[in-house]
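Lifted from Swiss-Prot, the feature list:
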BINDING   Trp48  chlorophyll b 1 binding site
BINDING   Phe68, Glu87, Arg196  chlorophyll a 1 binding site
BINDING   His90  chlorophyll a 2 binding site
BINDING   Arg92, Val133  chlorophyll b 2 binding site
BINDING   Leu129, Glu191  chlorophyll a 3 binding site
BINDING   Glu153  chlorophyll b 3 binding site
BINDING   Arg156  chlorophyll b 4 binding site
BINDING   Lys190, Gln208  chlorophyll a 5 binding site
BINDING   Asn194  chlorophyll a 4 binding site
BINDING   His224  chlorophyll a 6 binding site
TRANSIT   1-44  transit peptide
TRANSMEM  93-113  transmembrane segment
TRANSMEM  132-152  transmembrane segment
Amino acid sequence: MASSSGLRSCSAVGVPSLLAPSSRSGRSGLPFCAYATTSGRVTMSAEWFPGQPRPAHLDGSSPGDFGFDPLGLATVPENFERFKESEIYHCRWAMLCVPGVLVPEALGLGNWVKAQEWAALPDGQATYLGNPVPWGNLPTILAIEFLAIAFAEQQRTMEKDPEKKKYPGGAFDPLGFSKDPAKFEELKLKEIKNGRLAMLAFVGFCVQQSAYPGTGPLENLATHLADPWHNNIGDIVIPRNIYGP
């Protein structure tokens with residue numbers, strides 16, 4: 001039934017969804033809801049919270065834009081562009097980090113927590129998968145890392161095109177994924193979705209390690225599965241004598 005405040009309608013136009021598979025254009029086939037008011041103004045519904053209006057400054061044109069900005073961080077266009085750039089870089093680091101944490105532990109080569117213990121020793125020697133690293137002392141590694149990151153950051157700062165900052169192409173696209181514009185948009189959306197999951201995964205690794213120091217995520221998972229009732233986050237934050245021996 002129509003009310004005096006407005007009519008609610010659903011359009012079949014596709015918008016991105018976290019759960020739905022992406023099409024070649026990077027959009028899903030799920031419908032979005034719009035609100036048609038008596039004044040004729042139509043407002044798209046935010047995909048992250050159906051029924052809530054999409055913020056005016058988020059038009060859905062950016063990969064992974066689902067209308068979620070409760071703190072209004074993206075209201076200033078310059079800030080929004082900087083946040084998009086920062087997010088995609090952190091996504092890529094996280095996607096490198098998560099398999100880097102899981103794979104060595106799965107192969108029985110130690111966990112990511114113990115891998116860095118050498119740095120705390122006076123004459124510590126860095127190793128990679130059990131093998132000594134050339135020039136593997138802490139000052140040398142820090143110097144190499146500083147110079148490498150400084151060079152990369154300088155090149156990024158000199159680039160004025162915001163799209164090329166995020167997607168430089170060229171040598172960074174050896175398989176030519178960006179040649180097909182429609183496919184490229186789909187891959188952008190997949191990258192941001194997987195990157196966000198990877199960032200959450202790494203936060204989970206850090207929380208898990210803080211709760212059970214010295215253990216890796218796979219070891220901790222195996223311990224939890226062996227005795228879920230006693231080996232869980234509640235075992236850390238709630239005294240055990242409250243819920244039994």
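Here the Cβ of each residue, glycine as well, is placed from N, Cα and C on the backbone.
Structure coloured by features recorded in Swiss-Prot.
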{"residue": "Glu87", "record": "chlorophyll a 1 binding site", "Cβ contacts under 8 Å, 6 or more apart": "Gly64, Ile192, Gly195"}
{"residue": "Arg92", "record": "chlorophyll b 2 binding site", "Cβ contacts under 8 Å, 6 or more apart": "Glu191, Gly195"}
{"residue": "Val133", "record": "chlorophyll b 2 binding site", "Cβ contacts under 8 Å, 6 or more apart": "Gln125, Ala126, Thr127, Ile141"}
{"residue": "Glu153", "record": "chlorophyll b 3 binding site", "Cβ contacts under 8 Å, 6 or more apart": "none"}
{"residue": "Asn194", "record": "chlorophyll a 4 binding site", "Cβ contacts under 8 Å, 6 or more apart": "Cys91, Met95"}
{"residue": "Arg196", "record": "chlorophyll a 1 binding site", "Cβ contacts under 8 Å, 6 or more apart": "Gly64, Cys91"}
{"residue": "Gln208", "record": "chlorophyll a 5 binding site", "Cβ contacts under 8 Å, 6 or more apart": "Thr215, Pro217, Asn220"}
{"residue": "His224", "record": "chlorophyll a 6 binding site", "Cβ contacts under 8 Å, 6 or more apart": "Asn231, Asn232"}
Handout entry: Same-chain residues near the transmembrane segment (132-152), Cβ under 8 Å, at least 6 residues beyond its ends
Key = 119, 123-126
Handout entry: Which same-chain residues, if any, lie at least 6 apart from Arg156 (chlorophyll b 4 binding site) yet have Cβ under 8 Å of it
Key = Lys165
